[in-house]
Amino acid sequence: MEGIHKLIFLALIWIFLITNIVDAQDQQGFISLDCGMPRNESSYTDESTGLNFSSDADFISSGKSGTIKTEDSDSGVKYIKPYKQLRYFPEGARNCYNLTVMQGTHYLIRAVFVYGNYDLKQRPKFDLYLGPNFWTTINLQDPSGGFYYRIWLQDGTVEEVIHMPKSNNLDICLVKTGTTTPFISSLELRPLRDDTYTTTTGSLKLISRWYFRKPFPTLESIIRHPDDVHDRLWDVYHADEEWTDINTTTPVNTTVNAFDLPQAIISKASIPQVASDTWSTTWSIQNPDDDVHVYLHFAEIQALKPSDTREFSILWNKNTIIRDYYSPLEFMADTVPIRTSSKCGDDGFCSLDLTRTKSSTLPPYCNAMEVFGLLQLLQTETDENDVTTLKNIQATYRIQKTNWQGDPCVPIQFIWTGLNCSNMFPSIPPRITSIDFSNFGLNGTITSDIQYLNQLQKLDLSNNNLTGKVPEFLAKMKLLTFINLSGNNLSGSIPQSLLNMEKNGLITLLYNGNNLCLDPSCESETGPGNNKKKLLVPILASAASVGIIIAVLLLVNILLLRKKKPSKASRSSMVANKRSYTYEEVAVITNNFERPLGEGGFGVVYHGNVNDNEQVAVKVLSESSAQGYKQFKAEVDLLLRVHHINLVTLVGYCDEGQHLVLIYEYMSNGNLKQHLSGENSRSPLSWENRLRIAAETAQGLEYLHIGCKPPMIHRDIKSMNILLDNNFQAKLGDFGLSRSFPVGSETHVSTNVAGSPGYLDPEYYRTNWLTEKSDVFSFGVVLLEIITSQPVIDQTREKSHIGEWVGFKLTNGDIKNIVDPSMNGDYDSSSLWKALELAMSCVSPSSSGRPNMSQVANELQECLLTENSRKGGRHDVDSKSSLEQSTSFGPEHIPDAR
């Protein structure tokens with residue numbers, strides 16, 4: 001009876017397996033492209049694999065078709081049909097396939113390259129990209145260069161990666177790196193289950209996929225579809241000559257295993273002839289620093305006697321125990337993954353050992369193994385909405401540019417012609433900020449798709465053949481500050497909303513060379529009555545000339561009056577008091593601008609003296625731009641009403657005609673950046689001084705956030721804006737971008753993004769929502785600068801942004817790789833670790849994960865006390881918060897504390 005039950009069980013397994021194979025043979029979700037196959041040829045089914053291949057012509061807009069010239073007669077290799085033709089790319093630096101995929105689904109992506117001397121030229125070498133990220137280098141010039149499936153690719157190679165797309169579109173790009181021509185024979189995508197090849201980050205680049213047999217590999221030993229329902233390519237691993245092959249005709253139950261292992265793989269193995277021997281295998285990888293993920297597939301394929309036991313331990317690289325005791329399941333597939341920060345040896349060699357335990361009577365073995373390298377894809381793709389919109393625009397105008405392939409914005413060296421993009425953090429999707437389609441040969445009306453580029457700041461459509469009206473939606477694009485429509489055939493009136501924005505200095509609008517008028521009523525001036533109006537043109541022109549002359553005279557008169565006294569009408573909101581200086585007085589203070597101290601985006605800063613004994617720094621606005629005046633006014637208004645020991649003091653200002661000047665107290669030790677990585681970094685700051693500067697800056701910022709009413713957000717915290725007096729006391733400066741923020745139930749201000757690259761809060765950058773936590777992020781970046789003396793952005797590092805770089809280094813747990821070596825280890829490690837943890841919490845990508853400035857200020861004071869106690873004194877450090885520090889206010893400008 002037991003035998004009958006076993007037969008029934010095995011029969012059910014076979015039925016299930018056959019059903020699985022039939023279901024899988026429909027190749028649902030498979031993408032199989034025969035690259036170079038003409039568009040007009042019909043799809044076909046390859047005889048040897050049963051796979052349905054079709055032309056790649058609908059998935060790429062460039063390249064030419066070629067056919068291999070030779071097959072390897074010596075080895076008897078006969079390439080399957082998809083690998084006999086190819087697509088090569090003699091033009092363009094980057095050529096990309098664009099494929100529609102299922103977002104969030106894991107795909108096996110395979111690219112096959114069979115050279116076959118198709119062009120009778122030099123074998124090529126080029127790069128392969130997955131979206132905007134480097135995948136691998138294809139090197140057919142090196143005969144030993146990583147040809148994995150050599151038995152069936154004698155004149156080529158294949159690359160595989162398991163990748164989960166983050167959108168419904170996937171770009172696979174071939175990038176020219178030298179003088180040779182990139183090409184590809186086949187591109188194959190296979191959807192996989194999401195519970196098999198998993199990673200917390202990155203994708204899995206295939207190194208090897210083996211099953212173990214004693215015979216040397218042959219063409220027939222390659223196993224793929226239809227045996228493998230996922231079309232994985234399995235190559236035989238030539239086992240030790242002293243091993244013995246075993247196999248079974250009894251079906252192995254693979255239904256309990258998510259990997260859907262083929263019967264042709266899991267029913268075979270090779271074991272040591274001596275039961276006490278260790279089962280070992282070794283292989284090499286190109287980069288020893290890569291994390292390696294290994295999947296070991298087992299099944300007991302021998303009918304064991306009651307007295308038999310097969311038990312062994314699994315060791316990685318001779319010393320890391322993966323399993324102390326493991327026994328394969330009898331006629332059932334099982335997988336043991338090794339994927340926790342596993343690395344090979346320093347020489348790039350990896351090893352796996354299966355060692356028999358004392359209680360085992362049978363030798364160990366492994367049926368099959370897959371080895372992957374972790375491929376970190378750090379650069380995010382351009383915002384999906386922007387990409388979709390841009391492709392709609394491309395289709396509307398039939399734009400054909402050689403480099404309009406792949407991701408529009410990244411990598412930066414391949415940015416599409418006519419675009420500028422924001423690309424501040426690799427972890428944040430770039431956004432399209434500028435379009436310059438001048439002289440693109442555009443025809444038709446201005447497409448409404450443009451309005452969906454909601455981060456667009458500049459739009460240049462000049463010198464095309466555009467017709468129709470100027471659309472109203474341009475005035476509703478909140479960030480748009482420049483529009484050039486010159487040199488087209490646009491007609492009708494310009495929307496009044498756009499004209500109002502231009503009049504108020506909110507936008508630059510260029511529209512000459514069109515049939516446009518400035519009066520909305522001109523659109524109705526058609527029909528018979530229009531001839532009478534034309535008779536009035538000479539009269540109106542004469543009247544207009546007289547009007548212009550009068551207007552010019554009035555304007556000259558106004559300008560002369562403005563030179564005599566400052567304007568008050570347009571600047572009435574600025575506080576006017578005794579600290580207002582004339583430009584002549586400024587010239588006296590600076591001794592005719594004799595001694596420049598530095599130059600920045602605002603203008604030049606000069607040294608000066610007030611009352612012959614008080615040194616000051618005089619900042620002169622370089623030109624009277626609208627934005628410059630706005631920042632000037634914001635800074636004066638703020639500094640006239642708030643006073644704090646850690647905020648720079650405004651001595652006075654000048655607002656006279658075109659002359660805008662700010663006069664500050666003189667900070668003799670410059671700014672913090674100069675002492676960390678600039679001209680003064682040769683005399684490094686001690687850890688104590690660094691902590692004091694950080695704590696004092698935090699106190700000034702805390703005061704802005706909770707000591708003012710309305711509370712203020714600085715928006716431009718950076719080491720260059722932290723000034724140091726003769727005692728190295730820190731004072732926060734440059735308040736031109738500062739904004740008040742709401743209290744009560746409102747949590748943020750929606751505003752255009754402003755700030756400095758590297759210091760800018762990524763959440764604010766992404767959402768346009770400004771909160772006090774945006775300042776906290778910027779301060780966290782400064783604190784990392786203070787600890788490391790590293791630049792905020794450095795493209796030569798493993799991670800370009802300082803926050804990502806420190807996080808990367810922290811995974812090794814060695815603080816010495818992070819701390820500024822110029823401190824020579826002279827610091828209290830506990831205070832430094834606490835400051836480092838605080839900095840990393842400040843630069844959390846999510847504002848909800850950041851502390852507020854009061855918490856930051858208090859923790860820095862504790863760090864400072866710890867450091868001072870190590871040195872045996874407090875060194876004049878006061879642990880009070882910034883609100884308890886000595887402050888002074890004019891009687892009419894006392895801010896309310898919340």
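Heads up, the Cβ atoms here are built off N, Cα and C, so glycines get one too.
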Candidate annotated as N-linked glycosylation site in Swiss-Prot, where the set is ASN420, ASN852: ASN420
Among ASN40, ASN253, ASN420, ASN465, the most crowded of the glycosylation sites [Cβ within 10 Å]: ASN253
DSSP three-state assignment (helix, strand or coil) for ASN98 (N-linked glycosylation site): strand
Minimum Cα separation from ASN465 (N-linked glycosylation site), reported as the residue among glycosylation sites ASN52, ASN247, ASN253, ASN443, ASN484 that achieves it: ASN443
Glycosylation sites (ASN52, ASN98, ASN247, ASN443, ASN484), the one with most neighbouring Cβ atoms at 10 Å: ASN484
Chain-internal residues, separated by at least six, CB under 8 A from ASN489 (N-linked glycosylation site): ASN465, LEU466, THR467, ASN514, ASN515
Average pLDDT across the topological domain 'Cytoplasmic' (557-898), rounded to a whole number: 77
